[in-house]
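Here is the structure we will look at, set down as structure tokens.
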Amino acid sequence: MARKKIALIGAGQIGGTLAHLAGLKELGDVVLFDIADGVPQGKGLDIAESAPVDGFDAKYAGASDYAAIAGADVVIVTAGVPRKPGMSRDDLIGINLQVMEKVGAGIRTHAPNAFVICITNPLDAMVWALQKFSGLAPNKIVGMAGVLDSARFRHFLAEEFQVSVEDVTAFVLGGHGDDMVPLVRYSTVAGVPLPDLVKMGWTTQEKLDAMVERTRKGGGEIVNLLKTGSAFYAPAASAIAMAESYLKDKRRVLPCAAYLTGQYGIDGLFIGVPIVIGENGVERVVEVEFSAEEKAMFDKSVASVKGLVEACKGINAALA
């Protein structure tokens, strides 16, 4: 049986980490694409030379021509400019929109049947634009945001409660920006909701609020520490979890930026919501009930995404 083919558009920090994880998890053969000739080839060779030590069989190729992604089962897009200290994700919109246009054309021509995961920021607007540029069916393209944001929240909670991260579940919905919505009511430790843990004296409401705020600012915290780039280990791990659910038809319920057609009262936007990812891509959008306060936060987040999408239309008339 032929191995699956995973194409990685962008061979920077996230792209290289994705390539390594895809091999370690034996998800398939990997093609690294980057416009910086030599970088994808070098990283691919380096990882291939680690395979005998780690004990996995996967072919690695590097390329600077989109023809190399032909027939890919999964395409993960990280191409674009990362954040620097003092920048918001939204500051990247002009330059990364141009990148999405080129990437979309490459996917449309060479990998029109792939399941596509977009990581490029500002995420919710870039995945929207990439769908338009690529012509992909909306169920075959998603944005990586909620898995990462939820993982950050889970890490902070596990540290606070001194329990395994495996026993902490968390839901972060909405746009991948400062208005994201960590849903405390739907987040649990071993099935016990966080509000109950506050009542039990495990933590205080103030500490919980601080963790929610730290989650919202989680990406910026790392940008400010690194000074020369943005997070890459956790974003790569998050995208690999999504790719694995598709390739293995695991049907995991994961918060992702998905195309909505009336769910949550939204039509025609990619917004972070819980979805089921299986062999057909987005198999189902899970609609959870919001309290009035949660709905207000979610609506604010959606308004931010709408603003970014309108900005994209203003920059590129083809999207209007």
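Along the chain as shown, residues are numbered 1 onward.
Using the three backbone atoms N, Cα and C, a Cβ is placed for every residue, glycine included.
Among the candidates Asn96, Asn224, Asn280, the residue that Swiss-Prot names alongside Gly10, Ala11, Gly12, Gln13, Ile14, Gly15, Asp34, Ile119, Thr120, Asn121 for the NAD(+) site is Asn96.
When the binding-site residues Gly10, Arg83, Arg89, Asn121, Arg152 are screened for a C-alpha within 10 angstroms of the C-alpha of His176 (active site, proton acceptor), the residues that qualify, in sequence order, are Arg89, Asn121. Cβ neighbour count for Arg83 (substrate binding site): 22 (other Cβ atoms within 10 Å of its Cβ, all protein chains included). Listed in sequence order, the binding-site residues near Arg83 (substrate binding site) (C-alpha within 10 Å of its C-alpha) are Asn121, out of Gly10, Gly12, Ile14, Asn121. Of the binding-site residues Gly10, Gly12, Gly10 has the largest number of other Cβ atoms within 10 Å of its own Cβ.
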